[in-house]
Amino acid sequence: MSHTTHPYQKELEVATLAVKRASLLTKQLSDSIVQTARSGTLTKDDKSPVTIGDFASQAIINHAIKLNFPSDEIVGEEDSQELQENSSLADQVLSLIIKIQQETSVYNDVVGTLTDKNKVFQSIDYGNSQGGSKGRFWALDPIDGTKGFLRGDQFAVCLALIE
């Protein structure tokens, strides 16, 4: 029996493990938000909520993509400016990332690890591409349905590779 490989096998593996790690983190966080009043929520200029889950999810996924596909661009939703200006929030994001990396350590060889705030900021900001017609890029919504996430309702971690 011959084993054929999918033309996007590596991309699929990286995306699956990174999104799974981010999904586990965001689900744990959503569950804890429902149980407590403290949510670590900021507000974007457009007044939509941004949570530590958005930042952590985008950092995890962007880091995995850039580790494996350094020339690929990423169109994300968040940038790290607010996080850089709020050390307490940045500490919470890093703490959540480190915890989920320990819980999913079998993924580390494929999706890597983040161990300091500057790497988290850098990874989030990898998502500042505008995309376009100069090659493939990834589109990421780190938490689609942030309001549902904050209420403990439905949300998704969405990632697509566009060529």
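Cβ from N, Cα, C; glycine included.
Any TrEMBL annotation is an automated prediction that lacks curation.
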Looking at TrEMBL, which one out of Glu11, Glu13, Glu73, Glu77 binds Mg(2+) in the same site as Asp141, Ile143, Asp144?
Glu77
Compile a sequence-ordered list of residues in the same chain as Ile143 (Mg(2+) binding site), six or more apart from it, whose Cβ lies below 8 A from its Cβ; state 'none' when nothing qualifies.
Thr26, Thr51, Gly53, Asp54, Ser57, Phe149, Phe155, Ala156, Val157
Would you mind pulling the DSSP three-state label for Glu77 (Mg(2+) binding site)?
coil
Once near-sequence residues are set aside, which residues in the chain of Asp144 (Mg(2+) binding site), 6 or more away, have Cβ atoms under 8 Å from its Cβ?
Phe155, Ala156, Val157, Cys158
For the Mg(2+) site built from Glu77, Asp141, Ile143, Asp144, further residues of that chain with CB within 8 A of the site's CB center:
Asp54, Ser57, Leu140, Pro142, Gly145, Thr146, Ala156, Val157, Cys158
Are there residues of the same chain, six or more positions away from Asp141 (Mg(2+) binding site), whose CB falls under 8 angstroms from its CB, and which are they?
Glu77, Ala156, Val157, Cys158, Leu159
I want to verify one value. Collapsing DSSP to three states, which class is Ile143 (Mg(2+) binding site)?
strand
